[in-house]
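Record features (Swiss-Prot):
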BINDING   9, 10, 17, 88, 89, 90, 98, 123, 124, 125, 126, 127, 128, 129  ATP binding site
BINDING   9, 41, 73, 87  substrate binding site
SITE      17  site 'Transition state stabilizer'
């Protein structure tokens, strides 16, 4: 079975992320969403909270699995027999960065390719960073995030 992985910090998962997951789930029989533990990043939600928010957000997708990881992505890819890495690219800046990561991951995994998904137009401006900034300044993020994330933010 072809399995792909969509790694990210997802702090929090946005509707842009969810759109990419849903589109991937239509194309591939198995999509793994790997939530990264990034000690160098100051996250709003803990790893456990982020994993649970992603799980709740993709509960309607039967071929999507969610887990947290702290290891090198290349090692996770080998452990799960992954065929390709899914990455979202909004801008040319994203593309340049992702191109470098794709080359590195291809080297470290002995050939696993990265597949770049442009965002749906309505989500092209959305990022976790923007969502956090709006939230921290008291703005309404209801249209930008899945319902479980909005509820978790309201409860904070």
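Any Cβ shown, glycine's included, is placed from N, Cα and C.
All features noted in Swiss-Prot, drawn onto the structure.
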residue : record                 : DSSP (3 states)
9       : ATP binding site       : coil
17      : ATP binding site       : helix
41      : substrate binding site : coil
73      : substrate binding site : helix
87      : substrate binding site : strand
98      : ATP binding site       : helix
124     : ATP binding site       : coil
For residue 126 (ATP binding site): intrachain residues, at least 6 apart, with Cβ closer than 8 Å: 14, 15, 16, 119, 144
Residue 9 (ATP binding site) and residue 87 (substrate binding site), Cα-Cα, nearest whole angstrom: 12
Between residue 41 (substrate binding site) and residue 124 (ATP binding site): CA-CA distance (Å): 23
Residue pair residue 89 (ATP binding site), residue 73 (substrate binding site) - Cα distance, angstrom, rounded: 18
Same-chain residues at least 6 apart in sequence whose Cβ lies under 8 Å from residue 41 (substrate binding site): 9, 11
Among 73, 89, 124 [binding-site residues], residue with fewest other Cβ within 10 Å: 124
Between residue 73 (substrate binding site) and residue 98 (ATP binding site), the C-alpha gap once rounded to whole angstrom: 14
Cβ packing number for residue 128 (ATP binding site), 10 Å threshold: 23
Around the Cβ of residue 17 (ATP binding site), the count of other Cβ atoms that are within 10 Å: 26
Other CB atoms within 10 A, centred on residue 98 (ATP binding site): 17
Number of Cβ atoms other than its own within 10 Å, given for residue 9 (ATP binding site): 17
Residue 87 (substrate binding site): tally of other CB atoms within 10 A of its CB: 22
